[in-house]
Amino acid sequence: MFLSKMTFNQSSLFGQIDDLQDLAIIERPIRRSLKTAEEIEKLTVDEDLNDIERAVYLLSSGQDVQRASVVVNLPNLVRQNPAETFRRVVPKVREVLHVAGVEMQLAAAGSFLTILQDDIILIQTHTHSILQIVLLNLDHRDTVVSNAWLETLLSAIDALPKETIRQEILNPLVSKAQLSQSVQARLASCRILGKVAGKFESQIVKKDLLPLVRSLCQDVEYEVRSCMCHQLENIARGIGVDHTKAVVLPELVELARDEGSTVRLAAFDTIVNLLEMFDNDDRTRVIFPLVKAFCEKCFKADEAVLASLSFQYGRLCHGLSGSFTEEQHLWFLEFYKKLCILGLHLENGHCESQAYPLELERKYELVRKNCAYNFPAMVLFADPKCFLSELYPTFSSLCNDPEISVRRTVAAGFHEVVKLLGPNVHYIHKELVALLQDDSLEVLDALTNTLQETLELATSRGEGAGPGRESKQVSVPDLIPALAAAEQKAAASLRWRVHEKLLQRYSCLPRIISGDQIYFRFLQRMFTIITTNNALPVQREATRTLCVFLRFNRKLEQRQEIISKVVDQLAQGRSYWNRLRYLDLCEIAMELFSKSYFCKHFLVPALELVNDPVANVRYKLCCLLPRLKSTIRLPSEKPMLQQLEFCVRRLLCREKDKDVVATIRKTVLELDKIDMTEPYHKRHERDLLDQNKEKEENLLLEMEQLERQQSEGKLTTDKHSEKKRRDSKAGLSVPKNMSGSTSGATLSSSAGKEMKKAKLARSRSLSSHPTTPKMVNSDKPSKGKETDSGPGTRRGSLLPLNDDTMRSHHFSTTSTAMSTTPSASMPVLIRSNTTNTLEHRSNGSKDTQSRKLSIQRKSNSFGMQSGRE
């Protein structure tokens, strides 16, 4: 046992020694990094020196880091003491820059640019000294440094006066543009010429700059010719349209035929940018043959230029379209189609990449991507009416391209194509479904950015399809499975932001598909996401979308089932995470629903969470209590207020968690500030918004009753017609007196129904009045309302009133209704539809016509009142 103890002690001792050795190894680099006394002495500066003297001292005998700090601080020195700084510090900086490294050169370029742009130089000699330093360093042997000084000069030109530019920049520019100078100097001259052209009048540009421009356009180096060609746009805008046609256009024509591909590409880009400066004669006689030859040459032998050509193709076609003959128009359209399938071969209707070298394949992919970017412009160029015959195969090819980048670009501009097609949007329904089901999540992400607008336009026949939106709704085959599959794919990925964005876009579905389709295909999925997803933003977005689905569901049984499931799975869920989501749902519900609806269905389960065993839930409830109290209206909902006060007292008396205690104390102060008898104008404004929500909820219920009675009326009519058909087949004869009594009964019943119908219209317009103080139950109407509205709605329900009609009327046409309060104009839309339905059923009698006038008068007054709201 002694040996074992000794062995244990020795092992622990050796372990401690090893640890000390490891610490010593770690400590060595630290000791090496410390400054010695000699180094500290070199870095020490006398504290009695002022800023100017310290800067001069550091620039003369300091180390590189100290010199760099002085250069960076140079603008501050100029602001404090410009005269002394330019007399003593700037000459030292100029000396240091001769031997300075790249970092100090870049810092000096930035400092001098700040000085030139900051309007802190008031003396011409100071500007001269700075510009001399900048121009001197333009010829630095390091390309990065020279480019930095060039950018400094170009940026400073905007802030310098014309005379300074003429004396300090243009005069040295003449010598730097000569062939004897370096290529770098001539390239800098090209860019400076393009920059200063916009600072002077056209006569000065023509006299002083154009000779240099012609010389550089004919330079022996293709790099210089290409750079000067890019600057011809600025030169042309500086000298005006007349001189551009006489001077710049011939240079562009010559450069477009240059032997260097980069020069031809620069000429092509400049021509596209200057198309508006050429007249129709120039476009037809000069530009079109030139561009056509350029395109044919690039397509056959210059793949490197095709990428830029395909990117500019949309602008090119639009700029020249007004001057095209029909033959020329067709040629450009056919050339675009060739670019869209470049590098592909079609087999069985599918696009597949051909075997090319990797570099060439990437170039072809970029060309097709640029074509996809320009497709909306080409739809305009070809005329949307000719889309099916001219561009549909090309569009289908781009949507099914084997490269993800091409399909993603098509998806990003899909909504633009949908807009342009208008009533012919059904041509591309198949492509929309294909992109929704694409294998790549990047494509789905690009499509999701404008999915709401795309879906609304894709399910509409356009503006000319009828007076009401109900006549424009169409169904897209396989749209619902595609939307469901897209959500499943986003949920299965690790990119939760795409999933969150997609769920946000799905809040527009009540405008797109029927309530039953939403109920059976998407509602349960929202519950699954809320209760199982791991990303909190996704859960909250699913909660908001669920509330929107509930808000615009018109079937009482479905609404009750959804609310019951919300309470069971969230408010009373086993996981505290689900109970927290219920409180999130309450925040959203307070925005979407009326106060009475919220208090009836959501308030009590939220207050019951005061007994939750998890402190986080009680903490969130405490934070939510002021908003919950604001939904309670006195005196009708006084029991709710008493229950809320009981929750507050319970938390104050029994709460043990310190964070919850601190929060409830702050909440009590906020609750005391909420005045239930606030000023009339504020309360009235808020009550009007709430009444609008409540009216919409009631009107949804009325529409449900109309649909139900419509279906019952259809069923009765079908049975009656079937019986009549059977009786006629059996050869039954009806006595005359019986037929007379039957017709009399029919007339009397129809007259009774007309009277009840008028009562229904009156009761609706009164109950929907925005200033009525009476609270209406949002799910179950009052007894008087049921008795009045039953027969009348049954009579009016014989008109065709499908689900798309009601959905399009009661849902707001803007997406803001999803996140804030619904539009105040919604009830007016529904009311006018109901009134027209009743009027259409009138038989033309005087009594019915008088009722019709009264209904219209009340409907109009209601619409005016709602408009004022």
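Sequential numbering from 1, following the chain as shown.
From the backbone N, Cα and C atoms, a Cβ is placed for every residue, glycine too.
Per-residue confidence over the repeat 'HEAT' (209-246) averages out at a pLDDT of 89. As annotated by TrEMBL, repeat 'HEAT' applies to 209-246 (among others).
According to TrEMBL, the feature repeat 'HEAT' maps to 248-285 (among others). The repeat 'HEAT' (248-285): residue composition by secondary structure is 31 helix, 0 strand, 7 coil, according to DSSP.
TrEMBL lists 391-425 (among others) with the feature repeat 'HEAT'. The DSSP breakdown of the repeat 'HEAT' (391-425) into helical (H, G, I), extended (E, B) and coil residues amounts to 29 helix, 0 strand, 6 coil.
Feature annotation from TrEMBL assigns region 'Disordered' to 706-869.
The compositional bias 'Basic and acidic residues' annotation in TrEMBL covers 706-729 (among others).
Under the heading compositional bias 'Low complexity', TrEMBL lists 739-752 (among others).
Taken from TrEMBL, the feature compositional bias 'Polar residues' covers 764-775 (among others).
Look at TrEMBL and you will find 812-827 (among others) tagged as compositional bias 'Low complexity'.
The annotation compositional bias 'Basic and acidic residues' is assigned in TrEMBL to 838-850 (among others).
What TrEMBL lists as compositional bias 'Polar residues' is 851-869 (among others).
Away from its own ends, the repeat 'HEAT' (209-246) comes close to residues 173-174, 177, 179, 183, 186-187, 189-191, 193-198, 200, 202, 252, 254-255, 258-260, 262-263, 265-267, 269-270, 273-274, 277-279, 282 of its chain (Cβ-Cβ under 8 Å, at least six residues beyond either end).
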